[in-house]
Amino acid sequence: MTEDVKADAPKKLSIQRRTKTTVSSTTTGGKSKEVQVEVRKKRTVKTDIAQQEEAKLKAQQEAEAKKIAEQKAAEEKARLEAEKAKAETAKPVKSAVDSKAKSVESEKEKRKAGEAELRRKAEELARQKAEEQARRAVEEAKRYAEADDSDNESSSEDYSDYNLSSRYALEAEDEEDRRNENRGRGKNKVAKAKKGGRDDENSKNSKNERESNRKNQKDAKFGKGKNGKKGAALQQAFTKPAQVVKSDVVIGETITVAELANKMAVKATEIIKMMMKMGEMVTINQVIDQETAQLVAEELGHKVILRNENELEEAVLGDRDVNAEKVTRAPVVTIMGHVDHGKTSLLDYIRKAKVAAGEAGGITQHIGAYHVEMDDGKMITFLDTPGHAAFTSMRARGAKATDIVVLVVAADDGVMPQTIEAIQHAKAAGAPLVVAVNKIDKPEANLDRVEQELLQHDVISEKFGGDVQFVPVSAKKGTGVDDLLDAILLQSEVLELTAVKDGMASGVVIESYLDKGRGPVATILVQSGTLRKGDIVLCGFEYGRVRAMRDENGKEVDEAGPSIPVELLGLSGVPAAGDEATVVRDEKKAREVALYRQGKFREVKLARQQKAKLENMFSNMSEGDVAELNVIVKADVQGSVEAIVQALNELSTNEVKVKVVGSGVGGITETDATLATASNAIIVGFNVRADATARRVIEAENIDLRYYSIIYELLNEIKAAMSGMLEPEFKQEIIGLAEVRDVFRHPKFGAIAGCMVTEGVVKRNNPIRVLRDNVVIFEGELESLRRFKDDVSEVRNGMECGIGVKNYNDVKVGDQIEVFEVVEVKRSI
């Protein structure tokens with residue numbers, strides 16, 4: 001029955017009630033509108049059946065638990081009784097043992113009690129100490145909190161009251177206002193009006209005051225208004241650094257002013273100021289070298305770390321065979337001397353070849369390199385440097401590559417300027433000298449005179465106790481040439497010259513040029529190792545694989561050992577004379593090194609140009625305009641280009657400057673012609689010619705093109721062109737002198753001087769000076785010149801004439817009239 005009731009009874013009873021109402025509202029147009037609103041209330045009624053079932057189930061569980069507890073209690077009681085009986089039987093046996101153990105246990109308990117007491121006291125002390133510290137911390141915190149909260153306590157309480165009970169406070173205040181208003185209602189109207197006005201005003205004032213107080217308290221809570229206090233956490237302060245931070249500055253080989261300033265954390269203007277103090281004018285983007293940057297950084301108190309940027313270059317050049325055995329090598333001999341003292345003739349006699357006759361103007365224009373083998377198998381390599389002063393740089397390079405210098409001095413000419421230069425170069429290179437006194441076959445030859453003149457330049461012969469060998473020779477007849485070769489070999493034995501023969505080759509570029517058919521050609525003197533066909537060569541800014549090698553006779557060779565000069569083909573461009581040539585293992589790395597060198601060269605060149613521009617700007621500001629002669633130089637070999645450019649730059653004066661706008665090796669091209677047109681330059685070709693396209697441009701643009709094969713002519717013509725650009729000079733030449741013998745008055749011309757021409761010729765149109773007691777008192781011109789009644793243009797010496805001086809009537813007897821003309825004086829450099 002109960003199960004049926006459970007099944008039929010609903011779990012919960014829900015009754016829904018609806019309430020409808022009408023709400024009237026006003027629309028935007030001002031009309032009233034009624035809206036029906038229905039409110040539904042939902043009520044739930046629960047039955048008690050489920051609760052009754054739950055109570056019944058709970059009673060059953062409690063009865064079962066009680067029954068189990070009673071059973072357990074009975075079992076425990078039985079067990080305890082059994083143990084008690086057992087203990088009663090064992091008690092007599094145990095009593096003796098217990099009496100002994102009791103005394104021991106009592107001792108232990110006493111000891112334990114003492115330890116426990118000590119431990120308790122220690123804990124008590126620690127606890128008291130901790131409590132004391134905690135109490136102090138609490139008091140300190142409380143003190144800080146009180147100090148902190150003293151300013152904000154009242155405002156925070158008021159603000160919290162304002163937030164929590166603002167409604168009640170407002171109601172109470174409104175009630176107070178109403179009571180104040182009702183106090184004066186029973187009085188007369190006037191008094192009421194007066195008092196009411198006052199009360200009304202007072203109530204308004206008090207209300208406003210209360211509102212403003214509440215607002216001030218609220219603002220003070222959040223740090224606003226005049227009473228508000230800003231929190232310390234919201235304030236931000238910046239302390240200026242007390243001193244400049246000094247740091248390590250890493251400087252590469254070149255660096256711009258802006259980059260240096262950035263690394264030192266200073267303004268670029270500081271660096272510019274510092275460099276101005278050091279005498280350097282720079283701009284913010286100017287590239288400066290490592291040494292200058294180091295000086296500036298150290299001056300500003302920074303530690304400088306210099307960085308070498310060519311690690312790749314060092315790695316490539318360092319990867320070489322260094323353990324190879326050294327062997328004796330042939331000496332490299334440079335022949336130096338003055339122009340036409342017989343250097344090439346002597347060398348050609350040694351080589352048994354007549355090359356000197358073909359030299360233009362008797363000057364060796366290129367460095368020649370030859371090696372000759374002696375009868376006993378020994379070998380000597382000769383370098384022939386040009387003798388002209390313009391080839392100083394070439395001769396200096398020759399001295400660097402050489403072991404022994406043979407100084408050729410003509411016995412009939414003695415020591416000349418280039419002879420002295422050659423001595424200086426030899427000393428600078430540290431190369432020992434052997435003097436060959438040439439042309440001893442001439443009747444005017446004087447060997448003792450040469451020795452005496454060289455003695456003045458610290459070249460002391462063995463005869464005078466020195467170490468320099470003097471060998472008299474005749475290049476024309478061959479006298480003494482064998483003695484000269486023996487002297488060279490003797491000197492080389494003293495020097496003990498050795499070199500690695502089998503390793504990777506290295507050497508120096510003696511000369512280079514661009515061949516129209518073969519491309520870049522470089523003459524290289526191998527200094528160590530063996531240069532082979534197919535080797536990869538790094539040579540200054542250029543690199544390449546050796547495609548072909550030729551000796552000085554034009555014969556193909558496959559390899560060249562130490563002290564052997566060879567012509568090399570296969571480089572990427574024309575290297576500069578004097579560059580080191582090195583064989584490397586990897587062509588790709590050689591290319592990278594060459595490109596790196598080109599980039600660094602451009603940077604350094606740019607830095608130099610910018611510096612020159614600034615220096616020129618400041619010099620031009622002080623000097624004014626300077627005439628410039630623009631020149632484009634093209635020559636057949638690099639050494640000639642360098643020598644000509646240097647000679648032209650040395651021709652510059654304060655009034656006329658030679659500006660080399662372009663230079664290069666090879667023929668004159670269309671590019672050179674267009675550059676000459678743009679820069680208004682003259683083109684100078686030294687042993688080269690213009691091609692067809694260049695000639696067309698030169699003719700069309702009427703460019704000044706000049707060819708030379710002798711450097712003297714080139715320099716003389718450039719000097720003549722520069723002389724034409726000089727500002728002319730003028731001087732006054734006296735051409736006639738007349739003495740005043742009498743003075744006449746003329747109605748038209750005023751005072752007319754009757755004169756006798758004592759010197760030269762008096763001309764009508766020339767300027768004159770009037771001298772009295774040899775002092776110039778007037779300078780002007782003639783108005784009239786007459787002989788008797790005729791106007792004449794000139795009157796010669798010893799003749800009389802009448803002279804009328806324009807705008808001057810104070811002529812007296814005894815005065816002298818000096819006639820002169822202004823003559824232009826031709827200037828030259």
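Glycine is treated like the rest: Cβ placed from N, Cα and C.
According to Swiss-Prot, the protein has these features:
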{"type": "REGION", "residues": "1-44", "note": "region 'Disordered'"}
{"type": "COMPBIAS", "residues": "21-30", "note": "compositional bias 'Low complexity'"}
{"type": "REGION", "residues": "79-233", "note": "region 'Disordered'"}
{"type": "COMPBIAS", "residues": "147-160", "note": "compositional bias 'Acidic residues'"}
{"type": "COMPBIAS", "residues": "185-195", "note": "compositional bias 'Basic residues'"}
{"type": "DOMAIN", "residues": "328-498", "note": "domain 'tr-type G'"}
{"type": "REGION", "residues": "337-344", "note": "region 'G1'"}
{"type": "REGION", "residues": "362-366", "note": "region 'G2'"}
{"type": "REGION", "residues": "384-387", "note": "region 'G3'"}
{"type": "REGION", "residues": "438-441", "note": "region 'G4'"}
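Tertiary neighbourhood of the region 'G4' (438-441): same-chain residues 337, 341-342, 345-346, 408-413, 447, 472-477, 479-480, selected by CB-CB distance under 8 Å and a gap of 6+ residues from either end. Restricting the average to the region 'G1' (337-344) gives a pLDDT of 76. In the region 'G1' (337-344), helix, strand and coil residues by DSSP number 2 helix, 1 strand, 5 coil.
Broken down with DSSP, the region 'G4' (438-441) shows 0 helix, 1 strand, 3 coil.
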